[in-house]
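Sequence annotations record features per position, and here TrEMBL assigns substrate binding site to 71, 72, 73, 84, 88, 89, 90. Marked as domain 'dUTPase-like' by TrEMBL: 18-150.
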Ligand SMILES: O=c1ccn([C@H]2C[C@H](O)[C@@H](COP(=O)(O)OP(=O)(O)OP(=O)(O)O)O2)c(=O)[nH]1
């Protein structure tokens, strides 16, 4: 089953010069996001840039959100990941999808106009009624964390 999600193309080059990078038109698992730059952008080691994608989204359903994730190849081979590590797109957001690109590598990397720089997937969000209590019911783990169970 798939859900209708509204997208708005804000850059005339999308669909004309660069294919709109939905993984599929129906029942799509997600969308690649392109760098809608006017000219190539060199990201020096350690540098971060906020890059327009030319697509606005309105998810609408409060039971969903979207996440922007790095592309594996760019991250692994070239050190290009996200400045915010993961981008969360709220269901009521109606603006342009922006990608924070961070060069965590040791060498400069040039991003070309139209290049696919990140990917977006939709995720279900569980709505919770947070309840503040003074004590939790005991659990096996309790408050142990951060390696509490050992390495092997
Ligand atoms: O990588 C991202 C992350 C966020 N957004 C947009 C959609 C999101 O709904 C909005 C706000 O994001 P977030 O709530 O993470 O930002 P914030 O820094 O907490 O600011 P705000 O006060 O706007 O909530 O910015 C992007 O376009 N790209």
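Glycine too: its Cβ is placed from the backbone N, Cα and C atoms.
Positions of the features from TrEMBL, shown on the structure.
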residue: 71; record: substrate binding site; Cβ contacts under 8 Å, 6 or more apart: 32, 80, 116, 117, 118, 119
residue: 72; record: substrate binding site; Cβ contacts under 8 Å, 6 or more apart: none
residue: 73; record: substrate binding site; Cβ contacts under 8 Å, 6 or more apart: none
residue: 84; record: substrate binding site; Cβ contacts under 8 Å, 6 or more apart: 100
residue: 88; record: substrate binding site; Cβ contacts under 8 Å, 6 or more apart: 65, 66, 67, 68
residue: 89; record: substrate binding site; Cβ contacts under 8 Å, 6 or more apart: 57, 59, 65, 66, 67, 68, 97, 120
residue: 90; record: substrate binding site; Cβ contacts under 8 Å, 6 or more apart: 59, 65
Secondary structure tally of the domain 'dUTPase-like' (18-150) (DSSP, helix then strand then coil): 7 helix, 53 strand, 73 coil
Arithmetic mean of per-residue pLDDT over the domain 'dUTPase-like' (18-150): 95
Site diameter for substrate, Å, by largest Cα distance between 71, 72, 73, 84, 88, 89, 90: 26
Listed binding-site residues with Cβ under 6 Å from ligand 1, out of 72, 73, 90: 90
